[in-house]
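Undergrad: Here you go, one structure.
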Amino acid sequence: MESNPSTMQEQSPSCLEITMEVHSVVPPPHKSTIQKLKTRLKETLFPDDPFRQFKGQPTKKKWALAAQYIFPILHWGPNYNLKLFKSDIVSGVTIASLAIPQGISYAKLASLPPIVGLYSSFVPPLVYAVLGSSRDIAVGPISIASLILGSMLTQQVSPTGDPVLFLQLAFTATFFAGLFQASLGFLRLGFIIDFLSKATLVGFMAGAAIIVSLQQLKSLLGITHFTKKMVFIPVMTSVFHNSQEWSWQTILMGFSFLVFLLVARHVSMRRPKLFWVSAAAPLVCVILSTFLVFAFKAQHHGFSVIGKLQEGLNPPSWNMLQFHGGHLGLSMKTGLVTGIISLTEGIAVGRTFASLMNYKVDGNKEMMAIGLMNIVGSSTSCYVTTGAFSRSAVNHNAGAKTAASNIVMSITVMVTILFLMPLFQYTPNVVLGAIIVSAVVGLFDIPAAYHVWKMDKFDFIVMLCAFFGVIFISVQHGLAIAVAVSIFKILMQITRPKTVLLGKIPGTDIYRDLHHYKESVKIPGFLILSIEAPINFANSTYLNERVLRWIEEYEAEDPKMHSISSLRFVILEMSTVSTIDTSGVSFFKELKQTMENKGVELVLVNLVGEVMEKLQRSNEAGDFMKPDCLFLTVGEAVATLSATIKSQSSND
């Protein structure tokens, strides 16, 4: 007798379901509250487990490892040799040639005396060389932090009307920035800076680059009376209202040097081996423009120059720190914002080059290193510094092998401060503006913006909020708006978690999203849902309402159903529910009671340890977590419950 293949195919799945081995659900191993707290704190504060290197080591070795952990220079210093020094001295001198003109330019951007920019390229690199763990980071001021520092302080204090107070507030803000950064590292709270998402940073950097560039129109056009506001409309209004002050000589020189700098940057990007072209270009511009101004006495013909700079090493400034008075809040707020921005760039730069060169950078140690160098810097006439991307890229391409390249750069800057200051007296401000514009061009990351658009439209909105907020409102408010929108997105994901309707893929025991896998089918009498988020007080009410709506939608699909009796089981797949709180426990109790009133049984599948433990604790009456309503997989649950339905039907 021939068998009917179609009959076998139809019977096969049901046979598989009935004969499937069902695994028992066991409770998680017991852990005390202290053990749970210890595990949670370890994963929160020490995810990298920095203490594992001390295990099994003798006491003397532990002390040596501890010293190397705190001072990374003790790790690479003993093995330092002449070959490494040759590479570091080349890279150190190269980045110094970039750091000197950039230091002067960025100090002007922050409305600080130009010499402060050079001071900030002398002491902080020495501190980082001792405490930093990156081989490639080159320390110094950055354009974004300079812009924020200047724009926030000028809102209340004029750098020209009260220069001493302005300088005091700048140093105090630097101290608070360093204190905040070091505290994050010491307390292992570096995850806080992760609230600045990639989309936020892309939009913020691009907006800040536009504002920085527009501010340089004062120097590039030769305008004397210019707005101090860092917003698009006031800047452009100031440019065109003072068009009578435009100087064609200044415009010619400024844009000539700007084109030269941009061409040099393009050459170095196209051919990385010619990194020295873009590195040396700013210094070449400074030397050449200074010579032209001196030779033709251009300062008497409308060219604004830096003027005489103070000679000598950094004077102490701890006596200038202001920890009282009406401007303390301004200093703290400015320090917090500049600290976050500079720390974010420094950590990103360190991780980028560590990934390229296959070595590890400890994020928390970097935070402490950057924070301590800013605290020390605030006491030695320096303002906010960090690992600058442009300088670090040059440092990397120049062949830096260790952090000693920062020491070489620092010594080179020290020689400049001691002996070469008179040479910068005739440097025109227009060339500094050109240097700043050429530096911030790299902040426009068009490919990254396009990638954000392709991947996540909501992230693209966040990016636009940061971009337009910086341009049209203010730098700090633009950043705050973008962070607020990002947090709103996270809150929406928490309070409105995704629930998915699952169906069975024919011929398998696999259950997947019905809308994703079109071939998957529903199982009659079963509503199978997957909850894809932790359950807590913020979303328990929503989930209760959403599950009940799924039931209503299940019934509405079949007009023959006049009651809910056709639905026998609601299965919740819980593999992605990592944790619940007391509200989550109440959600399950209320949902089970509602299901019982409707004649439907609630079944839970694949509970993780913490969730199962809390539900078991709440099951005092023994009627909630029944063994026959707990399964390891959806397949086992459907097979077992289907067999139960069939046995009940045969008995009836």
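Including glycine, each Cβ sits where the backbone N, Cα and C put it.
Remember, TrEMBL labels are computer predictions, not curated facts.
Annotation source TrEMBL lists domain 'STAS' at 516-641. The transmembrane segment feature in TrEMBL is assigned to 89-106, 112-131, 138-158, 164-187, 199-217, 246-263, 275-296, 367-390, 402-424, 430-453, 460-488.
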Undergrad: Under a Cβ pair cut-off of under 8 Å, which of the recorded stretches 89-106, 112-131, 164-187, 402-424 contacts the transmembrane segment (275-296) most often?
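TA: Per the Cβ under 8 Å count, 89-106.
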Undergrad: Report, as numbers and ranges, which residues of the same chain sit near the transmembrane segment (460-488): CB under 8 Å and 6 or more residues beyond its ends.
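TA: Long-range Cβ neighbours of the transmembrane segment (460-488): 147-148, 151-152, 195-197, 199-204, 206-208, 210-211, 230-233, 337, 341, 449, 452-453.
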Undergrad: Sort the residues of the domain 'STAS' (516-641) into helix, strand and coil with DSSP and give the three counts.
TA: 56 helix, 21 strand, 49 coil
Undergrad: Counting only residues 6 or more past its boundaries, what in the same chain has a CB within less than 8 Å of a CB in the transmembrane segment (402-424)?
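TA: For the transmembrane segment (402-424), the nonlocal Cβ contacts are 72-73, 76, 80, 84-85, 88-89, 91-93, 95-96, 99-100, 103-104, 114-115, 118-119, 121-123, 125-126, 128-129, 132, 134-135, 137-139, 286, 290, 306, 308-314, 395.
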Undergrad: Residues sitting near the transmembrane segment (246-263): Cβ under 8 Å, six or more positions beyond its termini, same chain?
TA: 219-223, 278, 281-282, 285, 289, 292, 298, 301-303, 428, 430-431, 433-435, 437-438, 441
Undergrad: At a C-beta cut-off of under 8 Å, are there same-chain residues at least 6 beyond the transmembrane segment (89-106) that contact it? List them, or none.
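TA: For the transmembrane segment (89-106), the list is 114, 117-118, 120-121, 138, 140-143, 146, 275-276, 279-280, 282-283, 285-286, 306, 388, 390-391, 394-395, 398-400, 404-409, 411-413, 416, 424, 427, 432-433, 435-436, 439.
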Undergrad: Mean pLDDT for the domain 'STAS' (516-641), rounded to an integer?
TA: 85
Undergrad: Take the C-beta pairs under 8 A between the transmembrane segment (430-453) and each of 112-131, 164-187, 199-217, 367-390. Which stretch has the highest count?
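TA: Answer is 199-217, with the largest number of Cβ pairs below 8 Å.
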Undergrad: For the transmembrane segment (199-217), name the stretch out of 112-131, 138-158, 164-187, 367-390 with the most CB-CB pairs under 8 Å.
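TA: Answer is 138-158, with the largest number of Cβ pairs below 8 Å.
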